[in-house]
Amino acid sequence: MDSLTHIVLGACIGEAIAGKRLGKRAMLFGAIAQNIPDIDIISSLWLGPAENLLAHRGFTHSILFAVLITGLLAFIAKRWYQQRISLRVWMLLFGINIFVHIFIDALNAYGTGWFEPFSHQRISFHTLFVVDPLFTVWPFIAAIVLLFIVKNHRRRRFWWKIGVGLSSLYLVYAIINRVNVSVEVKHSLSKQDIPYQKLLITPTPFNSLLWYVVAGDAQGFYIGYRSVFDTKERMDLTYFPRNDSLLSTVHDQESLQHLQRFSQGYYTIEKWHDSLVFNDLRFGQMAGWYNPNEKFIFHYFLQHPNENELVLQRGRFAKWNEVTVKSLLKRSRGN
């Protein structure tokens, strides 16, 4: 998830665990703890773009790292902080926040390396978009209110429960939506006699109503969109060939292997002018619900590696304008 979500959710959890002992400083410790796994961002200083994709949300988002860093930080805090707070409380304060971080990051399409370094398998539940206002708004409001309520006020307990509780309820709502859409998508694919070996269903930006669907095999992928309010049984799908045959001209095989592993097999190859482009389909299209033939958000220039800075961010909000926003709202309401 985005940093703001981790900060405000961490602050609410910090208040819940240690607010009575640490006062508002518990919110600060919680916010810091919730962001510790993202220290992997520094790897971009020495790794190439393709390698860095695997380093991000890798070992620092693993269960092993969470256990080790929780023990270390709790021990340091216990020694450094003079107030009489047990090691158990420090363990809970750091541990719950760090584990919550790696859990909610696994709700996105990017994937997290829970089992690093023993397994490179990435965990992705495809339940929330990386920025979902309806998940973040509740802990955000709660954290703001908690900043202004005095320590030991009886309403503090109410507000951290609002922050954690309503975001959790929204997550349950998103899970239900995904399950229902998954059933409808599989039924539609069956009715259209579309064979597939891989199926991905993940939310479109900022919501859990409209879902992006990728179904296919080693030859190519069908891509479409399904709203929880759709009434038409048949999905409109657009086919994109995988084009593995184009990869024979790629010289940097190491970066290519990193990209293939990162994409979990959901990729296509295209020719853009003088360069081959590697598309990771998991991150969606640039407003594909409006134009089904639109380019993909994640596009990596295989023959121009120096042009791949911010390879994910550069396409995430491209093509966004008033028309795009209105079309997203309209499509989310169903067809």
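Glycine residues also receive a Cβ, built from the backbone N, Cα and C atoms like all the rest.
TrEMBL lists 59-77 (among others) with the feature transmembrane segment.
Marked as transmembrane segment by TrEMBL: 89-111 (among others).
Within its own chain, the transmembrane segment (123-149) is flanked in space by residues 1-2, 4-5, 7-9, 11-12, 15, 24, 27, 104, 106-115, 155-156, 159-160, 162-167, 170-171, 174-175, 178, 200-208, 264, 282, which lie at least six positions past its ends and keep a Cβ under 8 Å from the stretch. According to TrEMBL, the transmembrane segment annotation covers 123-149 (among others).
Counting residues 6+ beyond its ends, the transmembrane segment (158-176) has Cβ neighbours under 8 Å at 8-9, 12-13, 15-16, 19, 107, 127-128, 132, 134-136, 138-143, 145-146, 149, 203, 208 in the same chain. What TrEMBL records for 158-176 (among others) is transmembrane segment.
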